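K.L.:
Summarising the annotation, TrEMBL assigns domain 'ABC transmembrane type-2' to A:33-275. Sequence annotations record features per position, and here TrEMBL assigns transmembrane segment to A:35-54, A:74-100, A:121-152, A:158-184, A:191-212, A:248-272.
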Amino acid sequence: MSEKIEFKRKFTEIQPIYSMWLREVIRFFNMKPRVISTIVQPVLFLALLALPMSKLFHGAPPEMEQTMFGGLNFFSFLVPGIVGIGLLFGGTMSGVTVLWDKDFGFLKEVMVAPVRRTSLMLGRTFGGLTVGMLQALITIGVASVFGIWYGFKISSLSGFLLAIVFCVLTFFIFSCFGIILGGLFEGTEGFMAFVNLIQMPLFFLSGAMIPISQLKGVPVLYQIQFINPLTYGVDGLRSALTGSTPFFPIWIDIIVLITVAVVFLLLGAYTFSKMEVD
Amino acid sequence: MEDVIVVEGLTKRFGNFVAVNNIDFTVKEREIFGFLGPNGAGKSTTIKILITLLHPTSGSAKICGYDVVKEPYNVRKKIGVVFQDRSSDRVLTGRQNLDLHGRMYTMSKEEREKKIKEVLRLLELEGVENIRLNSLPEGVRRRFEVARGFMTNPKVVFLDEPTIGFDIKARRDLWSQIKDAKEKEGSAVLLTTHYIEEADYLCDRVAIIDHAKIVAIDTPENLKKSVGTMLISFQIGDKNGNGLSYFIDRVKRLDWVIGVLKDNNPIILKIEKGEGRVLDLIEFADKIGFEIISIDEREPNLEDAFLYYTGRTIREAEGG
Ligand SMILES: Nc1ncnc2c1ncn2[C@@H]1O[C@H](COP(=O)(O)OP(=O)(O)OP(=O)(O)O)[C@@H](O)[C@H]1O
Ligand SMILES: [Mg+2]
């Protein structure tokens, strides 16, 4: 009897999850500055970071560049890294939206709805994910246009689809990470200060800008790369997107990401279920 | 009639501080039940326990037969909530807020459209439903929250200080809208307020709550009656410097004075009904060296009932 009720409940929670997703998406499109920055940000990163940096190797023999960047030129090497920045920043920011909802009172409204908190969390994560994927696709699209002159090309359709999988997993991980942090901090200020602090090392020690192997001689920094989930995300994404040789075997990337995603999801759901509202 | 809320021995402590102290009450189907009490009396805390956001320290509460601690999911399906503080998504329009709310309660598309239309009409919000809440005045946003509270056929709607910050006209309008919505949806309402008139006008029964305790529960009529049949209240000046307590002491002994409800300015006396009380009192005061500055003979109101049960006016209790 009670099992039947439970089943029905799980089943019918698809609509609440959908409604949380829908809210995130409507919110996104209702806030024009966010829409604009989502489009402009990747263009700026590509134009102001990837393009100038790829000039570092101007005049050097192409073989040198290719041995250093796993068979790629520097620009192509940087493109997946820049997609990675978007996933890291965008994902972690989901945590701040939880805090905003706390501040602006909307969290109470959803907390008294007859819906599991896990569903609430999943819904908003999917919502963030949708926006995050939109940005990732824009980045890849714009990079492909620049790529006509700078030698970046998507390797194959299957590679592209696999790249999407890596994007989804990476974003999902940082989204849960953001929600966990959101549960630990009372106000937005503390959260933002901490996120700004932690985003730097996560980003620079992920192989997004500098090949993982280049740091071999630097003790601590080299090892940190191995415990940073973004490292595996960018490594898999880069290999899938460009057809280059990954640093880790690709299945290792996938397994690590899935494991971290599951652990973070559980931790995030736990934090969300313990979150106090008043 | 069935009881939709049954609360027994409910207590909530925050550390050593007791916010809700061993309260009991029941709310009947379709009844408007009011919590009248000053700031910090424990009204919102009680509501938060009933709507499953806080766990009680001890005691029990049931909504439609479901325990708020053991069966929160079933409780949530039966209730609508209008929080004291804002709780809408202001980046969205009123309609989008209502629509998302309906989805959270797994209402079908037809149901949602029908209900949204209905509550928009009840709260007189037609025409502004497609404007983002950001660009609407506070009072309109509040009405959208009330509309949302009634949208899902709730058995009980909780309204935590629904008209706080409203002017008189807007307050009266919302009162009649709440009454209409409650009639149409067949819900019971638990409302908190520190406005005397709100409790008096809207509520079938009122619980007077002070210092975390319920000190009286009854209909507004009976609460007023329990104070007495007639009151006389007056502002007094002390011409000879005898002191107010001297005056009180003397006036108590008049045979038509039943008791003293309030012994500082304005003084309120419980009296027997009769002719010429006002003149008698003015003469009496003059005789013993006091002057009456203003005077009013009237039947007790809910404000007097609050004073009678708590020993202070609600304004004093608010620290104003
Ligand atoms: N989470 C909490 N921790 C500690 N004390 C609390 C907490 N929540 C409420 N209180 C205290 O409990 C008391 C009752 O608060 P409550 O919000 O229930 O009052 P209220 O009757 O709703 O008053 P108001 O008219 O101000 O809304 C207050 O003194 C408040 O400071
Ligand atoms: Mg309150």
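Every residue, even glycine, has its Cβ placed from backbone N, Cα and C.
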K.L.:
For the transmembrane segment (A:121-152), find every same-chain residue at least 6 residues outside the stretch whose CB is under 8 Å from a CB in it, and list them.
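P.N.:
Long-range Cβ neighbours of the transmembrane segment (A:121-152): 16-25, 28, 38-39, 41-43, 45-47, 50-51, 54, 73, 75-76, 79, 82-83, 86-87, 90-91, 93-94, 97-98, 160, 163-164, 167-168, 171-172, 175-176, 179, 241-242, 268-269, 272.
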K.L.:
What stretch in A:35-54, A:158-184, A:191-212 has the biggest tally of Cβ pairs under 8 Å against the transmembrane segment (A:248-272)?
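P.N.:
Ranking A:35-54, A:158-184, A:191-212 by Cβ pairs under 8 Å to the transmembrane segment (A:248-272) puts A:158-184 first.
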K.L.:
Determine which residues of the chain contact the transmembrane segment (A:158-184) at the Cβ level, with the cut-off under 8 Å and only residues 6 or more beyond its ends counted.
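P.N.:
Distal contacts: 80, 83-84, 87-88, 90-96, 98-99, 121, 125, 128-129, 132-133, 136, 140, 191, 194-195, 229-230, 233-234, 236-237, 240-243, 253-254, 257-258, 260-261, 264-265, 267-268, 271-272, 274-275.
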